[in-house]
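Here's the structure we're looking at; comments come further down.
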Amino acid sequence: MKKIEAIIRTFKLEEVKDALSEIGVQGMTVSEVRGFGRQKGHKEQYRGAEYTVDFLPKAKMEIVVGDDQAQKVIETILQSARTGQIGDGKIFVTSLDQMIRIRTGETGDEAL
Amino acid sequence: MSRPQSLCLIVFFLLGLAALPANRNELAAQERRADLETISVEAASVAPEAKELTVGEEFNAADTMWVLISTAFVLLMTAPGLALFYGGLVRKKNILSVMMQCMFLMGLMSLVWFLWGYSLAFDTDILNGYVGGFGKAGLMGVLPYWDAETSTPMLPLEGSIPEIVFMMFQMMFFIITPALICGAFAERMKFSAMCMFAVLWGTFVYCPLCHWVWSANGWLSPEGAYHAFDFAGGTVVHVSSGVSALICAMMIGKRLGHGQEPMPPHNLTYTTIGTALLWFGWFGFNAGSALGVNPLAANAFVATHICAATGLVTWAGIEWVTRGKPSILGGCSGAVAGLVCITPACGFVTPLEGIWLGFIAASACYFACTSLKSKFKYDDALDAFGIHGVGGAVGALLTGVFATRRVTGDANGSGLLEGNMHQFANQTISVVAAVAIAVIGTVILLKFVDLVIGLRVTHEEELKGLDLTQHGEEGYIFL
């Protein structure tokens, strides 16, 4: 099993979700996060006082899939979340040791 | 004695004072009867025994209605206007503290004005034109009284409106002026210290200054030695509060982390709504100061609007040119700067001059808020000095430049542009006098309050925010 975390632009969220649903992804968790990479932040001015805002709002998706489906999911996110501009985000893939469905107690791929 | 107990005692004392003058009121009022030239009007024929409350023969219903409406307009400026304007500019942990300061002053200053403030400001003076007496304390001789001769209830007049209406209109100025100062010490002053300071400042700074400029006998009034033009409070309201705000900011010190951590406004939406409400209320503030439905009110109304409009466009325009983007906060600041600047002038200049005033005021206040503040490194949190102090002083001085006989209807009622050097000198004197009493008064009063209860909250309280530590509440419980 793989856990795929994708940091993407907030306005791309719906598009990525739809694309993932189409390839059969059953569930995902989304949170509003703030952070920066190479894009860095922006400057704001209030009555002449300048503030640098480093942390920009992004959406973080967490998706857990079987090993065979992971590559397809990554490609789908790459296609649907890309604008080509700096600040499109990143994808992190990790191996998952265990996964349990709380309602039934099922584990591993059965719990997906 | 604990703090709550002392507060209770003070409240009972105030209520007792309020109850006292009831009888004295009638006696004093009867003495004034000859001056007031009151007449009685026959009551409705259906109830010949009952007599309606009557007023003097100069009474004018339209004037009274306009001043009553204006009074409500001006109250709206303090809350929600100023409360939202300032509330949006602070960090979210302090929004309630700012709103509470505005709200509480609506109550506190009203009582002070009722009990002794109005008397100190508008009673005949006790110190050669420098301060009023206590003849009208508790509104003695101002409230309705019973005329024994004609067996009629009577109501004293001020010009063509009942004096209680005039008193009430002036009360709104007394409320908003200390509320303006709150912008300087926002996010760090103890609420109790703020209350004590506001009462003392109103008594020892505002009332004397108001007496100088607006009472019948003040030394800066039309009858005084140095008649200063101040239509709706350039020196009385804005210079005094703005300069006092600067002193407060300097004496209380900077907010914790000022200069090191970002302190941007937390909700400019509120600030924009607040500005719009201030602008709305300002029509009552300025046009209401004509104390009647007359050409002066019409002129003041239009001049007020044009000056605010010019101020808005100017400030946003400067930002657009120098920084690439016009900001909403800049637009709001410019509008308020324009409103402040036209306040002393609106009964002496035409709307055309209002354009010049708005342009100059917004430029000067922009400079004060961006360059002056960072150069001298004081933490005037919400720019109370930068906008009200500077805008008020610029407005008072420019009144002496642009005042025109076309509006005043008086050959001597003109400014520098019409060759009247004398008036400009008087305007300068009035600004210097207002600055002097504001500086000296505020320094002494702050020292006193600091000695008695302390000015500033503890470091821990300041970090937690004043909403929780001063009021036990949060502004955004569901966020």
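Cβ coordinates are placed from backbone N, Cα and C, and glycine is handled just like the others.
Note: TrEMBL annotation is automatic and uncurated.
Taken from TrEMBL, the feature domain 'Ammonium transporter AmtB-like' applies to B:65-476.
Positions annotated as signal peptide by TrEMBL: B:1-24.
What TrEMBL lists as transmembrane segment is B:65-86 (among others).
The feature transmembrane segment is assigned by TrEMBL to B:98-118 (among others).
Under the heading transmembrane segment, TrEMBL lists B:164-186 (among others).
The feature transmembrane segment is assigned by TrEMBL to B:193-214 (among others).
For B:226-247 (among others), the entry in TrEMBL reads transmembrane segment.
Residues annotated as transmembrane segment in TrEMBL: B:268-285 (among others).
Listed by sequence, the residues of this chain that lie at least six past the ends of the transmembrane segment (B:297-316) yet keep a Cβ under 8 A from its Cβ atoms are 66, 231-232, 279, 282-283, 286-290, 326-327, 330-339, 341-343, 345-347, 349-355, 357-359, 361-363, 365-366, 407. Residues or ranges marked as transmembrane segment in TrEMBL: B:297-316 (among others).
Annotation comment: TrEMBL describes B:328-349 (among others) as transmembrane segment.
Sequence annotations record features per position, and here TrEMBL assigns transmembrane segment to B:355-372 (among others).
Annotated transmembrane segment per TrEMBL: B:384-404 (among others), in sequence order. Note on the transmembrane segment (B:384-404): residues 180-184, 228-231, 234-235, 237-239, 241-243, 245-246, 249, 333, 336-337, 340-345, 348-350, 353, 356-357, 360-361, 364-365, 368-369, 372-373, 413-418, 420, 423-428, 430-431, 434-435 of its chain, located 6 or more positions outside it, place their CB under 8 angstroms from a CB of the stretch.
Annotation source TrEMBL lists transmembrane segment at B:424-446 (among others). Tertiary neighbourhood of the transmembrane segment (B:424-446): same-chain residues 197, 200-201, 204-205, 208-209, 212-213, 220, 226-230, 235-236, 239-241, 243-244, 247-248, 251-252, 393, 396-397, 399-401, 415-416, 455, selected by CB-CB distance under 8 Å and a gap of 6+ residues from either end.
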Interface check, the transmembrane segment (B:98-118) with the transmembrane segment (B:355-372), three or more C-beta pairs under 8 A: no
Residue numbers, six or more beyond the limits of the transmembrane segment (B:355-372), whose CB comes under 8 Å of its CB atoms: 306-312, 314-315, 318, 330, 333-334, 337-338, 340-342, 345, 349, 383, 385-387, 389-391, 394-395, 398, 402
Recorded stretch, among B:65-86, B:193-214, B:328-349, maximising Cβ pairs under 8 Å relative to the transmembrane segment (B:164-186): B:65-86
